[in-house]
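Notes follow once the structure below has been shown.
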Amino acid sequence: MLSQGEILRNPSRTRLQRPPKSRSERKGWWYRVTIFLTCLIPNFMLRCFGMTTPEVQHAWREKVALCICIFFCWIILGFTTYGMNTIICKGSNQYVASRLKRDAFDGNTVIANGGIYYTDDEYAFGENHTYAFEKKSGACKLAFGRQLPSGDEDIDDLERINDIYWDWGDIMSKGMIVVGNKVYDPSYCTEPLFEEFNRKYAGTEGKPDFDTDEWRCYEDMFYAGKVATKTPGCLLADTMFWITTISIFGLIITKFLLGFFYSWYAKRRPKPSPKITPCILLVTCYSEGKDGIKNTLDSLCKQDYGYDYKLIVVICDGNITGSGNSMSTPDIVLGLSDVDRRAEPKGYISLTHGTKRYNRAKVHAGYYHVREEKKSRRYRCWPCFGRQADSSEVENYKTRILVINKCGNPSETFKAGNRGKRDSQVILMSFFSKLIYGDRMTELDFEIYQKMKFLMPHIEPEDFECILMVDADTIVKPDALSIMVNVFETDQKVIGMCGETMILNKFESWVTMIQVFEYYISHHLSKAFESVFGGVTCLPGCFCMYRIKIVTNQQGQLLSGPSKSRASVPRFSSMKSILSSSLEKSLCLPILANPAIINAYSVLEVKTLHQKNLLHLGEDRYLTTLLLKTFYRRKLVFIPAAKCETYVPGEFSVLLSQRRRWINSTIHNLFELVQVNNLCGAFCFSMQLVVVMELFGTLVLPAAIIFTFVMIAVSILIEPAWVPLIMLVGIFGLPAVLILITTMEIQYVFWCLVYILSIPIWNFVLPTYAFWHFDNFSWGDTRKVDGEGKEDEEGEFDHTKIRIRELEEFLSEANK
């Protein structure tokens, strides 16, 4: 992506620059790697398959290059799992008595005289039979004047296979003695001279104290083989095996323990929030239906938070009519709200190319009402002749609302105004940045400023400190906003957070059922573990909250809530008055409104496959990545007490499309985080190592599930591999234990079993599909609209249509 210097030089919406002169682009190392890996496929072949433009062709080449790199990762995993022992270790050809398999030989075998031989007779397999064969030793005759007792079989008549080796388990159990690297079996020794030596060193390493002839006699008569030792290859294989095993299992155990600790810690009831920190409740709409939008706005309107300190902002991303809807999304939102519809379209600079870079939006200000009927307790009434009747109470909720409808420029015909969710978010992010830094504004910025002042005259627009972002199909629990704001007020290091997303349609289909446990462990295991270090790598866009800015005094104390040290400063004085106050000097640190964040997030030239996966498919996750990279000393956390509900895909094709976007954006964002050296921890005990392991684990998921099934089959049919099996039980068992402990609900055992049965889908089908569609940047079946497939022609951007002025200039013009 962009360097820090390029980010700061990146033109924001406050400046208009001349189109840059054409120049040859610098080709980086990845471009050269891509061309090298796909050099056997010429461009004319790609044109035959419909890939006509250079951008599409290079995106396809990047996809193939990435798939080749992923395949290499699979080979590395397979080699470390199976190939290392087979190739490196077994090349030593050591015949260890305890590891011999009868089926590995063409006939009967016998172990004797330090070797293994083929024989026609039957001998106990794996035992030492040296005593059965005749042995003559000149050293024995010199030492004792006779030969020691031995068998009468002639070993010279047998075919020798190889030397025999004994491991220490056999040596100790059979009472053998080791001297040097040689193993001796004194079990059939009857010579009194050797009796004390045999008794003293049985099963251990001996230290002989005999003369030369006596010891040579002992060697000739009782030699049984050599000590089984590991070759350098075996040592390397074992070292790699235990390093990976300890690392993976250590990460699993650590995640479990820290996830449990964080769950317990987060359950501590926080102090009640005064609920006076000004908050924006942002809802981004695209093609959602009326019911989904209404449920979301109702839930935000009913938030248990001060009426004067919250403002709902709905941004409709173009004149879009969702599939199955009778009205466009802007008409649905306006129909649900009590707003002034007499709004003029105002221009701004959008995140796209050509004529579409000039976009317009209408800003409607008003109120959103919810009338809810609640049943109270039953009572007996006289007209009911003693029967019980229900009494009902009507509760009315009212919240200020600002509707921003991106309507497009006059030349647009299809999907007028549609510029994407990232463009909608940057509208507000850049608006607050311009207020804080005093930068020039567009007409749309000033329109938003005026409507905010009209709706909330007691608050300056720059006084908003937090922004809650939700999708238009999310239902937020009534206490979620106050819980999240309270975290901001009590911990100034927290700059972003997410809550728990729960599934509403659990039993709609098998597709929804397999997602229940996956959603739960992604929050209470992964995000809880990351929260301990303050580095949640993904704050989901459907339900998250960010600081717009942090205001502190000179001692670093927050000024965003009631504080004794701030008694002399009015609560809702404007940002400029706070900064210029002679009573107490304050410091303002922009977070979401920081130019480093906005400029990197609003990159216009998105050319590479990596950039497109970051900014077109995973913009919410990339915003989290930018915050981690920029504010690495602050915290992004998961708050389990703040909850929301949503509907998940009920059809497999929709799930496939959704997870394609999520998996691909995850890979590219993790690659960005791998390059951040300032994450929490150091070396082997750092979040950077965890990110590396998660990235590699994501890439090898399909291969890992295949190897898992192979391991299970081998364990059942041949011999159990206990260490991998224990690790497998830990991977699937510990999350279930964690969830049972944290929820105390037995139903999650059922959801865990459903999830385990669907592991091939999660670990093979979805990742494999996502990898092969690296170059697909569409939203697929996740968001369908009527008339999909049409596109307006792209012309040249006319910057003269955009009016950019200082706020004071706009105000003076408006007051004339």
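Backbone N, Cα and C atoms are what each Cβ position is placed from, and that goes for glycine too.
Owing to the predicted nature of the structure, the values given are computational and were not obtained by experimental measurement.
Look at the topological domains in Swiss-Prot: S263 and F774 end up on opposite sides of the membrane. Of the candidates N664, N776, Swiss-Prot marks one as N-linked glycosylation site, and that one is N664. By the count of Cβ pairs under 8 Å, the stretch nearest in packing to the transmembrane segment (698-718) among 64-84, 241-261, 746-766 is 64-84. For the topological domain 'Extracellular' (54-63), the DSSP counts in helix, strand and coil order read 10 helix, 0 strand, 0 coil.
For the topological domain 'Extracellular' (54-63), the list of distant contacts is 30, 34-35, 37-38, 41, 43, 46-47, 607-610, 612, 772-775: same-chain residues at least six beyond its ends, Cβ to Cβ under 8 Å. Fewest Cβ neighbours within 10 Å among the glycosylation sites N319, N664: that distinction goes to N319.
Between N664 (N-linked glycosylation site) and N319 (N-linked glycosylation site), the C-alpha separation comes to 29 Å.
Mean pLDDT of the predicted structure over the topological domain 'Cytoplasmic' (1-32): 53.
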